[in-house]
Amino acid sequence: MERYENLFAQLKDRKEGAFVPFVTLGDPSVEQSLNIIDTLIEAGADALELGIPFSDPLADGPTIQEATLRAFAAGVTPTQCFEMLALIRQKHPTIPIGLLMYANLVFSKGIDEFYAQCEKVGVDSVLVADVPVEESAPFRQAALRYNVAPIFICPPNADDDLLRQIASYGRGYTYLLSRAGVTGAENRAALPLHHLVEKLQEYNAAPPLQGFGISSPEQVTGAIEAGAAGAISGSAIVKLIEKNVANPGQMLTELKAFVTAMKAATRA
């Protein structure tokens, strides 16, 4: 959790927002996935949001479902994902690493064992996408036991009660949803969410990062202008992986250019 605090403090000093890319671990293969993650970091990613392939990803649009299928086709297992996480942490000791998960993957290991393993490999946060705040107690309690930040999604229609709960239970950062629905770059992010950001700040929530449909530098700038601490981009990045599956070198070149442009927008 300290890695997030350190990151946001450093960014504040530099008057920058955070740019956080999302990819699925093991897409399109373990080896190329590790190359991709190195490239994202070299190009300026401030933190990582990583998915573990899961057979029924509810909140994911078609782009990220395809990423999951590619990882499955490469034979990637949750155990391998944790081995990858340990390697990433070894190589990049300071970058915050977050997991975006589904509850079944946590249950299959046992909640306590899952978070213990997260701590062991150096994961900083876990967002369990299909567990609402009111059912989150066993997850967030285990997370805090192992010094892992529980992340909560703040939807655009959140009422005051939900905002207070998110502020109270969340650590690390708050995942600010640009709009309701499934992920995807083709569903452009809606208007910036000034009122939510103000309320979250009033209740001392962890810094908000805006996600869902973030695919251009202008949207990153817009998120930061609305008061968000930064932006998360998933589908736009995964699309570049999909487009260049047959050409790994070109894939890394395009990913580097995209992340460089998105990170530059946090300094505007």
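From the backbone N, Cα and C atoms, a Cβ is placed for every residue, glycine too.
According to DSSP, Glu49 (active site, proton acceptor) sits within a strand segment. Residues annotated as active site, proton acceptor in Swiss-Prot, with sequence analysis given as evidence: Glu49 (among others).
Annotation source Swiss-Prot lists active site, proton acceptor at Asp60 (among others), citing sequence analysis.
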Around the Cβ of Glu49 (active site, proton acceptor), the count of other Cβ atoms that are within 10 Å: 24
